[in-house]
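Visitor: As annotated by TrEMBL, domain 'SAM-dependent MTase RsmB/NOP-type' applies to 40-423. The annotation S-adenosyl-L-methionine binding site is assigned in TrEMBL to Glu215, Asp244, Asp267. Positions annotated as active site, nucleophile by TrEMBL: Cys320. According to TrEMBL, the feature region 'Disordered' maps to 459-480. The compositional bias 'Basic and acidic residues' annotation in TrEMBL covers 465-480.
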Amino acid sequence: MSVSERTSKQASCKSAAFGSFYQANLVETGLLEEGEWVAFLDSLSKPLPTTFWITPTDRDADRVRGALRRFSAAADESSEGDGQRPCVRTLPWLPEDMGWRVDIPKVLLRKDGRFKPLHEMLIQYTAQGTINRMEEVSMLPVALLDIRAGHLCLDTCASPGSKTAQMLSCLSHANFKKWGRGLESISSDEVKQCANFLQGRIDYSLQEGCVVANEISAERAGMLVHQIARHQRLYPLALFTSHDARFFPSIRAPDGRGVRFDRILCDVMCSSDGTLRKAPHLWREWSSKHSLELHPEQLAVARRAARLLKTGGRMVYSTCSFSPVENEAVVAELLGNPCLALVDVREQLALRTAPGLPTWKVAVGGRLFGSFAEAEAAGAKKLLPGFFPPEEESLRSELKKCVRVLPHHNDTGGFFVAVLEKVAEASRESDTTLGYDSALDSDGEEAERRKQLERLEEAVATGRSEQERAKAEARRERARTSGSLARELARYCSLEAMPEQAAALRSAYGLHETLPESLLFSRHHLELGADGALVQTHQGEANQLLLLAKSAAEILCFGTGGHAKRKLKVIAGGLRVFEKDRFEVPARSTHFRFAQEALELVLPYVGRRVVKLEDPADAQLLLSRRDAAVAVLRSPGSAGLEALSPGGCILLLRTATSEWLPVSALRTQKDFEPLLGAPEVGFWQELSRRKLDLWRLDSSNVPLTAYYEASQASGVPAKCFLQKDAFECGPAPSGAAKVLGELKNFNTEEEFRTFLGNAEARQASLAEAVNQICSDIASGAALQDPSKLRRLMLCTFADLKKFHFSYLLTLPALRGSPWAPVSRQAADREQVAAVAKGLREQDFGGLCLLVRGSGWSLRPLAELPSVQVDSEEDLITVFVDPSSEEAPGWPLQNALVLLAKYRPGKRRILAFRDPQLGGQGYSSGPLRSQLLTFEVPPEAASASDCRAGWSKIATMDLTRFMDSKTVAANAVDLNIKLMKWRVLPALEPEKMKDLRVLLLGSGTLGCGVARALMGWGCRHMTFVDGGKVSFSNPVRQSLFTHKDAAEGRKKATAAREAVEAILPDAEVADVVLDIPMPGHPHQSAEGLRSNIAKLQELVDAHDVICMLTDSRESRWLPSLMVAAAQSQEGKTPPLGLTVALGFDSFLVSRQTYRNAPAACYFCNDVTAPSDSLAFRTLDQQCTVTRPGISGLASNCAVELLAALTQHPDGFAAESSNSSNACLESPLGGVPHQVRGFAADYALSPTETEPFVHCICCSQKVLQQYAAEGVPFIEKVIADSSILEEISGLAEMKAGMCEAEVEAFDDFDDL
């Protein structure tokens, strides 16, 4: 059935109430003619055409309009075989070809060569904000607002933001048409060449107006902001708030002057049945009572908007509902206020529309009422008079000025619009229909907030379980800290209040005086603290500066100022024009650089640091490589870039199409090349091992040793290596420089993220390393061991389930004098050769002295204070330099601080970068080492100012370097080790992991036990079963699937493959075997002997024998073999574990192990096992047990086994129920047997004694088996009754009367 057919069926069958209600209100009122009702219903089942509007101020608007006109012409010339003609046309009621409609079948649009480019164009320009998808009728409210230049506008219920974007676009376009772009006179010639890039207004210092977009839900408000984010150029005109629109606060200037809005849109929440064409699910949810519930809130929002409206201003009330209760009824109550008047706009629209309804009926409980009196007389409850048509004829006549758009009129959705103007001002004292007044009434929003918190508090108090109360508490905390309950979300501060930053910006970039500082703001987020007080989450200098239009800035300042009775809850606003860069760039006047999205607005104001690069090759290079060197640029203008001091700048790039493209850039001149942390794969693997096996939950700092090497090639970043042996704190490789470090590993991701967000914690961690460096310099320890000048702090979080590591690191450098070499020259080959030779022969710690005597020789750094030379020219400090760039490496800074203390003055530094010089296979070439001269003034090392060098957060996914089996195995082991870390330090999980377990039976119990064993990390299992998977098995036997049954696969084989798929490193075997059973003489003698031998081999090869078969007799032979193995000398016997099921009960039993006696499964029997499978009816052949019993039994058996492995006596442990038991397993009791009863939800652990006449483990039976071996088993299989004779059971029974015999066979039927 097609979507249309299904929707039509829903319309006809699913909502009879919809039909009766709207027939009464649309047909019987004369709005629809009788024949139109079918057309109306049919239209609701058709898909909507694609409609959209174009942002008129977008730089690509004309290009898109031109392309659409061409597609329109192509559509007019084509027709399809079925007579359907593609349609691309304008919406005639929107001016300047701003609105368009595309009605082309999706298949044709996506695949036809004529229209596929149209489809691609729609996607591309929708993403960048040129095209805005929107239903045609949804464009009506904003179009009818008639927004003009400089208007203050309010969108009361703005989410998801399409109408807000339309309002911003109309306001921006109106401003442009009235005032032009603005500031053309101050733009330089270079800027004017970028005319293709610059569109719309660039001067917001006039009263440009603004749009305040309000949304009650902070979550939906995020969607609203995201929607407007596509329109960056409109951002200065927008301010986003989060208030209940019924209680939107009044805005007043500090002098008490009220701020009113010129235009207000009330596109209120509604039942939305006008959108049935795009939301067919509403058929299922439709009810006339929704309108009754929404009406009071809709009216409250509209009344509050009317109060905020300026006299002479215009307000549009709209819904996407057909219901008159939500439409005309609300408007009628608004018109009860003489300050408001309806405007007839139907003639302005080139659309077929219908007038508003003067009368209507209200549905209550399946009945229709035309008046409040009629409904009240009929006993209808909870109705308001305002739901019904007004009694005054004049008011009814006015309602016809409303606009209704029905789906079948224009092939659109359904919509209602009422345009109202405020013709006079009225006070609350004279008119009570004006609704909420924030100046007179108590804070309605605060009252709603308290009610919400009270409901949540009640939910916490009345929770029926701990889990339910915990969920309620979580909801309460989320609500308490969410935007809907917080009083403020952000705090804005004008640049005027930051004169130093303002002066630095103007000085650095030559900003024109017409750029007002009052329009630039910093923004700080606020959160509710634990005590309910607002906390600013970021302290210190702002990271961004935002530009707001003058009107928006005034509303922001008025609404959030200290004089405001109720502050505006602003969640966003302003276009980011400056952002703080994250690079260590010295000697710059400001930390702020230009934001790329704001260049259109900022560029005309900028008088400095604008560089033109004419060569298109430079544009291609710079757009593809962020860190391109100035030296490789071709344009003549690159000389101007070379001369720029470090800091932000704007590059004007000529593109391949000869257009000019402005790009925000950062000019960097590094004085020292950063040293990048490079933890290798082996390091993370070793960290994982140590975390799992050694540290566990210990989060103490761990010492590390890293190293860096002298640079050997140009263009290779300087790296500090962390390898597998970093934790051993050994020496660095030959010629390398050792770096001392510490690892801080966080146990939870929350702790790690908290550390990242806590500047004080990071600073404290950094200060610890810096203080240690200063101390080592002051004490002279750094002279003896230069590695103490280099400290590394690595902070990590290791997700060892996913083998995913997050980390950041720092290599702090002391900031002494502004280090800059006074000279730089190529190093002397003789000096470099001496250094290369000396470093290969001896470890000098990466920093040493080169002294000239009879020749050049290396001396340790410890001689620095005392070494005597004829001239300072004869003393050179050698620094193993990891940098491949012109600037020396980062670690040199601390070395210079040490020189400042022990040997200040003019110091020559050899930045050594040629470790291969003189080495084997070296071919002569140009040297890369540099000889630098620094002026080093005397000063003490200080920790007060340092270069942190914190890296950005980085991640390492170790699974890329590991096979999936290893990842899975380690993840499983981690789950077990977590128990040891957190709960049971005495746990030894390896004892379970190394067990070899034989699973006799691969059915319900076999699958359950295998699953539980895998949970404990057990890797060695063997499945034994002779049956096939049947179609009834997969639902209860968790290792099988329907496919196994359909293919008739053997159970043992299918179970093995399932375990291998779940736990790939498991060592699993399968044996297809029919276990010989007493009373089943059906096998050949040769086959019987082979099966007995195979079973004995399996029992001997395993540590635990789990008897999990269905029948009683199938457990006898393995139980006998286990019992017999207990007396064998020189061999470790296996443990016998039996699990059996009843309908709603189960038994888990362990039998005698060595000298620790315990009853076997057959010790409770007084009859020999016989063929229990023959002559059974269908109900007797199937396992009849409650579905959950097998899982309980399986898990209980494995937990008992686990407890035994942890017991000091192991499998020989006495029963925990015994009075002699003095030891206990860390996992609890170890009874001989556990009986479970589902009916009582009870477990009954017991101690048992072997039965002297047991048909399996009694001494007489074991002696007979030991004497005869396989022939004995053959006899029992042929005639099981001999067991009663051998064990003495027959003799015992003969001496008892029949009434004294009680058979314990609860678990034998299954």
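Just so it is clear, glycine is given a Cβ too, placed from its N, Cα and C backbone atoms.
In TrEMBL, annotation is done automatically, which means it is predicted and not curated.
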Visitor: Neighbourhood of the S-adenosyl-L-methionine site (Glu215, Asp244, Asp267): other residues with Cβ within 8 Å of the Cβ centroid, in order?
Guide: Asp155, Thr156, Cys157, Ala158, Ser159, Asn214, Ile216, His243, Ala245, Val268, Met269, Val301
Visitor: Let's check the environment of the residue listed as 'active site, nucleophile': how many other CB atoms sit within 10 Å of its CB?
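Guide: Other Cβ atoms found within 10 Å: 23.
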Visitor: Look at the binding-site residues Glu215, Asp244, Asp267 and tell me which residue has the greatest number of other C-beta atoms within 10 angstroms of its C-beta.
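Guide: By the 10 Å Cβ neighbour count, Glu215 comes out on top.
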Visitor: With DSSP as the yardstick, break the compositional bias 'Basic and acidic residues' (465-480) down into helix, strand and coil residue counts.
Guide: 15 helix, 0 strand, 1 coil
Visitor: For S-adenosyl-L-methionine, with binders Glu215, Asp244, Asp267, what's the maximum Cα separation in whole Å?
Guide: 14
Visitor: Would you mind reading off the Cα separation of Cys320 (active site, nucleophile) from Glu215 (S-adenosyl-L-methionine binding site), to the nearest angstrom?
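Guide: About 18 Å separates the two Cα atoms.
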